[in-house]
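A.B. asks: This is the structure, below, for whatever I ask next.
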Amino acid sequence: MANHAPFETDISTLTRFVMEQGRKAQGTGELTQLLNSLCTAIKAISSAVRQAGIAQLYGIAGSTNVTGDQVKKLDILSNDLVINMLKSSYATCVLVSEENTNAIIIEPEKRGKYVVCFDPLDGSSNIDCLVSIGTIFGIYRKKSTDEPSEKDALQPGRDLVAAGYALYGSATMLVLAMDCGVNCFMLDPSIGEFIMVDRDVKMKKKGNIYSLNEGYAKDFDPAINEYLQRKKFPPDGSAPYGARYVGSMVADIHRTLVYGGIFLYPANKKSPSGKLRLLYECNPIAYVMEKAGGLATTGDKDILDIVPTEIHQKAPVVMGSSEDVQEFLEIYRKHKAK
């Protein structure tokens, strides 16, 4: 009879992983405190998302946020959870949220050395129809010795210490990117811990799926439309790419990370700067993509090289498998040279 224990007794949890990385880096433990607090917020949001219908958390709260999106009740709850947990970590000094017009400066007695930019509930327009939604975050180290201010958040994505997202889907998955690579953790509700399920994730160099909202095609740059035409009707006679678009960035990005392919949210005539926000959507996801061997670009430059000028700045994005993004860039540069 096989000697299988009914329970794993040496579990690789997110907390354990982060502590190990901190020990290797001979850190102070502040980043571990921060990530543990963020995890608690994510667990609470995951629980709220699953109870939303019963707890009457669906629907609109009756206002719009700074970027013009209608604010849902779950948005407000999620935002408050993340802010309160990060404040209580004693590891942050400045917080930037999609839901707040201005940066949040942490009170002096609770300050640490990190700046966190986050979207507490990405894809919240999909809440009422039960489509997967998520939380996105990027963590920077405060560089100046001055009093904390909004300027501390205006760092390029290359300066990220850690970034990632939580996906509230058929299970709750947390994807964390750090210098050591990209690792995936799944929430085990029976013990309330994130368990490592994929270590040092690497993307396929080329996929067979493209993802964007083609409803805006009439306003796209000609380079986008030429690229899409190539994917649908390959000139070499190969199989066309499949089209997949959920409309929840975290869901579309996670599929791209797992299966390969390309995700596009380009600029168009109505949104010449794109629609996704640089600090708490584009940069964290671009960081994950690059650490997993993919690419992330605006067309003109790498997303992680953009130096932000304001906290709710927007950027067009094309990201995914390296060969797919390179193929797009060849077409984009050809059109730009005309």
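Placed from the backbone N, Cα and C atoms, the Cβ positions cover glycine too.
Sharing the record's features from Swiss-Prot:
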BINDING   Val18, Met19, Glu20, Gln21, Gly22, Thr28, Gly29, Glu30, Leu31, Thr32, Lys113, Tyr114, Arg141  AMP binding site
BINDING   Asp69, Glu98  Mg(2+) 1 binding site
BINDING   Glu98, Asp119, Leu121  Mg(2+) 2 binding site
BINDING   Asp119, Asp122, Glu281  Mg(2+) 3 binding site
BINDING   122-125, 213-216, 244-249, Tyr265, 275-277  substrate binding site
MOD_RES   Ala2  N-acetylalanine
MOD_RES   Lys151  N6-succinyllysine
MOD_RES   Tyr216  phosphotyrosine
MOD_RES   Tyr245  phosphotyrosine
MOD_RES   Tyr265  phosphotyrosine
A.B. asks: Need the DSSP three-state call for Glu281 (Mg(2+) 3 binding site) to compare against my parser.
C.D. replies: helix
A.B. asks: What does the structure give for the C-alpha distance between Leu121 (Mg(2+) 2 binding site) and Gly29 (AMP binding site)? Integer Å is fine.
C.D. replies: 27
A.B. asks: Measure the Cβ-based neighbour count of Lys275 (substrate binding site), defined as the other Cβ atoms within 10 Å of its Cβ.
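C.D. replies: That number is 19.
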A.B. asks: Determine the C-alpha span of the AMP site listed in the record, that is the greatest distance between any two of Val18, Met19, Glu20, Gln21, Gly22, Thr28, Gly29, Glu30, Leu31, Thr32, Lys113, Tyr114, Arg141, in Å to the nearest whole number.
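C.D. replies: Taking every pair among Val18, Met19, Glu20, Gln21, Gly22, Thr28, Gly29, Glu30, Leu31, Thr32, Lys113, Tyr114, Arg141, the longest Cα gap is 20 Å.
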A.B. asks: How big is the Cα-to-Cα gap, in Å, between Lys113 (AMP binding site) and Tyr265 (phosphotyrosine)?
C.D. replies: 33
A.B. asks: List the same-chain residues at least 6 positions away in sequence whose Cβ sits under 8 Å from the Cβ of Val18 (AMP binding site), in sequence order, or say none.
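C.D. replies: Result: Leu31, Thr32, Leu35, Asn36.
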A.B. asks: Does DSSP give Asp119 (Mg(2+) 2 binding site) helix, strand or coil?
C.D. replies: strand
